[in-house]
Number of protein chains: 2
Amino acid sequence: MATGRTHRPATRSRGIPEATVARLPLYLRALTALSERSVPTVSSEELAAAAGVNSAKLRKDFSYLGSYGTRGVGYDVEYLVYQISRELGLTQDWPVVIVGIGNLGAALANYGGFASRGFRVAALIDADPAMAGKPVAGIPVQHTDELEKIIKDNGVSIGVIATPAGAAQQVCDRLVAAGVTSILNFAPTVLTVPDGVDVRKVDLSIELQILAFHEQRKAGEETAAGDGALPAATRDTSTDQGPDGDVPAVMPA
Amino acid sequence: MATGRTHRPATRSRGIPEATVARLPLYLRALTALSERSVPTVSSEELAAAAGVNSAKLRKDFSYLGSYGTRGVGYDVEYLVYQISRELGLTQDWPVVIVGIGNLGAALANYGGFASRGFRVAALIDADPAMAGKPVAGIPVQHTDELEKIIKDNGVSIGVIATPAGAAQQVCDRLVAAGVTSILNFAPTVLTVPDGVDVRKVDLSIELQILAFHEQRKAGEETAAGDGALPAATRDTSTDQGPDGDVPAVMPA
DNA sequence: CCATCTTTGTGCACGCGTTCACAAAGACAT
DNA sequence: ATGTCTTTGTGAACGCGTGCACAAAGATGG
């Protein structure tokens with residue numbers, strides 16, 4: 001996972017595989033684009049290309065939803081859009097709160113993709129009293145003290161954490177205690193939550209490090225012939241020149 | 001990734017499994033925290049807990065790097081920090097460009113996690129001439145026209161795309177043509193790149209939709225007492241009481 | 001009504017990742 | 001030195017996800 005993964009091992013549900021669920025939004029996006037161009041039907045081959053996946057995989061994914069295609073023709077675009085939306089729960093309205101209105105939180109609040117599908121920013125919450133009342137993306141920021149009340153009054157079940165790492169767990173605990181059962185975490189920390197609560201994390205730094213790994217591998221391949229030779233005999237440990245004094249823990253904000 | 005995936009199937013390299021690579025940054029973060037507290041050694045059990053994974057998984061992950069532990073004792077924190085950093089390529093400096101300095105781009109530019117490990121923001125690039133010269137996070141924004149020159153002059157191999165979806169592919173093409181071989185994409189689009197270029201995507205909207213799916217499933221479970229009973233016989237599909245208005249236009253067959 | 005052609009839906013095999021469980025390795029005390 | 005105790009490193013089994021390849025379904029044309 002670009003994305004990280006914090007799932008319970010496996011749900012007993014006779015439902016859709018997790019890997020498939022993760023791709024449905026991709027299909028939905030491609031289908032929506034087709035719908036806007038008034039394309040009536042699409043083949044698995046075409047749609048797969050648009051979504052950047054394998055056509056066999058796409059067909060198998062759709063087979064978990066039911067037999068919604070017509071052999072010799074393809075899939076009805078409008079119908080599929082509806083079916084996938086329904087499966088993902090996007091036919092209902094999901095009020096969402098964003099906690100931590102720093103640079104990132106503001107960017108999220110302004111993000112158009114939120115409102116476009118089922119998601120509605122119910123409130124923006126920040127711990128800084130100076131922020132209170134200040135409008136961001138047209139929504140006034142509220143103080144953390146109001147958190148529990150906001151969650152309950154609006155029936156919020158999805159929370160987005162964009163606070164510094166140090167505050168994340170505490171915010172998380174309060175969100176969960178107030179009734180939130182799904183959390184999208186942007187803070188670079190491992191969140192601990194009770195069973196029944198889903199956490200997904202988005203971690204900039206991790207994604208970059210993964211890219212760096214591959215980048216290094218590419219560079220190593222073309223230049224050096226053999227570097228895999230020297231293991232780690234010399235324990236030159238702490239003497240490394242790494243970015244020593246780097247205090248992590250601080251997020252945008 | 002959060003996680004998107006656009007990898008080539010498998011690298012022939014005798015190297016580390018992709019799943020393991022994705023966890024190394026997690027271990028590194030936990031280890032860095034321990035290092036700052038001057039903890040000398042740590043057991044697989046403790047470290048696994050801190051990183052939010054299974055201890056067996058962690059040991060297997062480390063076994064791909066070599067035998068860096070001491071039985072009966074655990075792992076030397078400083079030593080592991082160095083080994084993982086080296087494996088991830090973080091002992092060298094990675095110049096990075098961010099393209100698209102809107103809300104999100106600015107948030108990324110201000111993100112502390114960038115500089116803290118090996119990554120250095122070499123330039124901020126935006127298509128809006130009005131932005132040119134304006135400093136963001138202490139770095140003056142440069143115009144898109146300069147893109148190729150910036151990439152080459154700084155030897156940039158990692159690019160971050162934070163533009164609107166419509167511009168992403170075009171920017172991507174230019175980055176790749178100029179020599180970038182790793183891309184972190186925040187735009188909600190599928191990017192097409194030549195072989196040898198790595199793309200990771202971070203997609204807000206997708207993460208939320210996945211959460212919504214699970215959220216819906218939870219809600220469905222608690223209301224309908226016995227759902228485990230009825231398999232899929234009565235696929236209450238289109239006939240359900242969903243948001244009435246948007247009934248699919250066409251029912252296939 | 002029959003033949004042909006397109007495209008879906010899926011059985012099957014394969015490979016990767018996860019987890020269990022345990023032998024081997026080393027620390028430490030006696 | 002010997003025994004005990006802790007913790008690693010890994011062999012093996014299992015389950016999930018992926019991709020191939022093809023039969024079945026339906027459209028289309030004669």
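Glycine residues also receive a Cβ, built from the backbone N, Cα and C atoms like all the rest.
Where the annotation comes from TrEMBL, it is an automatic prediction and has not been curated.
When the DNA-binding region (B:26-65) is classified with DSSP, helix, strand and coil residues number 30 helix, 2 strand, 8 coil. Residues or ranges marked as DNA-binding region by TrEMBL: B:26-65.
Within its own chain, B:Gly100 (NAD(+) binding site) has B:Ile125, B:Asp126, B:Ala127, B:Ile161, B:Ala162, B:Thr163, B:Pro164, B:Ala167, B:Val171, B:Phe186, B:Ala187 as residues 6 or more apart in sequence whose C-beta sits under 8 angstroms from its own. The NAD(+) binding site feature in TrEMBL is assigned to B:Gly100, B:Ile101, B:Gly102, B:Asn103, B:Leu104, B:Gly105.
Annotation source TrEMBL lists domain 'CoA-binding' at B:89-190. Mean pLDDT of the predicted structure over the domain 'CoA-binding' (B:89-190): 96.
According to TrEMBL, the feature region 'Disordered' maps to B:221-253.
Shown are the binding-site residues B:Gly102, B:Gly105; the one with the most C-beta atoms within 10 angstroms of its own C-beta is B:Gly105. Those binding-site residues from the list B:Gly100, B:Ile101, B:Asn103, B:Leu104 that have a Cβ under 8 Å from chain A Cβ atoms: B:Asn103, B:Leu104. When the binding-site residues B:Ile101, B:Asn103, B:Leu104 are compared by the number of other C-beta atoms lying within 10 angstroms of their own C-beta, B:Asn103 comes out lowest. Long-range contacts of the DNA-binding region (B:26-65) within its own chain (CB-CB distance under 8 A, at least 6 residues past either end) are made by residues 15-17, 20, 73-78, 80-81, 83-85, 87-88, 90.
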